[in-house]
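*Asks:* To start, I am sharing the structure in question, which I have written as structure tokens.
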Amino acid sequence: MSVSRSSALYRKDGRWQWLLHGLAVLLLLWWPVWAGQPRFYLHLAIMVAIYAVLAMSMNLLLRIGQLSLAHGALFGLGAYVSAILSRDHGFSFPAAFLGAGIVTALLAGLVGPVFMRIKGVHFALLTFALGEAVVLCFIEFHGLFGGNNGFGDIPPMSASLPLPEGRYGAYLVAVCFALLVYFGLRLLYRREWGMIAASLQQNEALVVSGGLNVLSFRVSVFVLSAAITGFAGSLYAHYQGYISPDAFGFWTAVNAVIMNVLGGVGALIGAVIGAMLLVPLPELLRGLQQYQRLIYGLTLILLLLFMPQGLTALARSVVARVRIERGGQP
């Protein structure tokens, strides 16, 4: 049976796709048990899952042609809201988690009707200013956020959930939420929403002529993206147990953009792949401390120069070429 025929059968029968997805989920959830719960790799996996959620929230905005530099601060806002609710007001982790998403969504809903009227560089600059203002609040309001001293003694997720102790419990929550976001957005992209988002980038006038309120659509995307970012911040805070303003600045948002560019903005899985590549990179370069930033920067420049469409686009082109060489269809 040719490769093209077998791939056609695979596409026709969606049950195989769900079976493979189910097996992948089981593998993700249980590999720490099989591997003896290695602390270092569990830590990396948790951070990859959290930052994959952040990258996927950025992917939502990139899909409609907007680049937000406030997402690092929104990530921090979710972290601080969740930490304050749980530590200072006795909220359980699920309640604090929901609170983090709601507050970040409210902020996006407040500024969205103004911000989303603007596109391109000016939108990026506006979100940069918003992000800097939010981080400045973290620093200046010592009584609420702890200032530069940070905010510690944040209860772990296992304090209010029936989870295994230690990192494995945090791993289960982070990976399950990352999977929920991935499959939820994947479903969203395949429906009418995805067609509208693609049309906005290609021909906005056509979308407007169809009667869609473009501003309301853009604002709703911004609000959803901010809510997911806030949820990611909550996971980060309760996993780390301590947060400070340094972790939520401009470069956090830039890293979320880079994750998407590395993996490929056009595919949601690209955001996940980008997180898997970018998050462990500082650890891999730890032995070259003095050259770490240089190697990091050069690696990114080379990838962006030679693979501007990301790794997912490269993989698709390779698969298409193999199919053509074997007599199939691309």
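Each Cβ is built from the backbone N, Cα and C atoms, and glycine gets one as well.
Because TrEMBL annotations are produced automatically, they should be read as predictions rather than curated entries.
Pulled from TrEMBL, these are the listed features:
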type	residues	note
TRANSMEM	16-34	transmembrane segment
TRANSMEM	40-62	transmembrane segment
TRANSMEM	69-85	transmembrane segment
TRANSMEM	91-111	transmembrane segment
TRANSMEM	123-148	transmembrane segment
TRANSMEM	168-189	transmembrane segment
TRANSMEM	210-237	transmembrane segment
TRANSMEM	257-281	transmembrane segment
TRANSMEM	293-311	transmembrane segment
*Asks:* Output the single range from 91-111, 123-148, 257-281 maximising the number of Cβ pairs under 8 Å to the transmembrane segment (40-62).
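*Replies:* Between the stretches 91-111, 123-148, 257-281, 257-281 has the largest tally.
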*Asks:* Do any residues of this chain, six or more beyond the ends of the transmembrane segment (210-237), have a C-beta under 8 angstroms from a C-beta of it, and if so which?
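*Replies:* The answer is 49-51, 53-54, 56-58, 60-61, 63-64, 66, 68, 71, 74-83, 96-97, 100-105, 107-109, 112-113, 115-117, 154, 157, 170, 173-174, 177, 181, 196-197, 200, 204, 243, 247-248.
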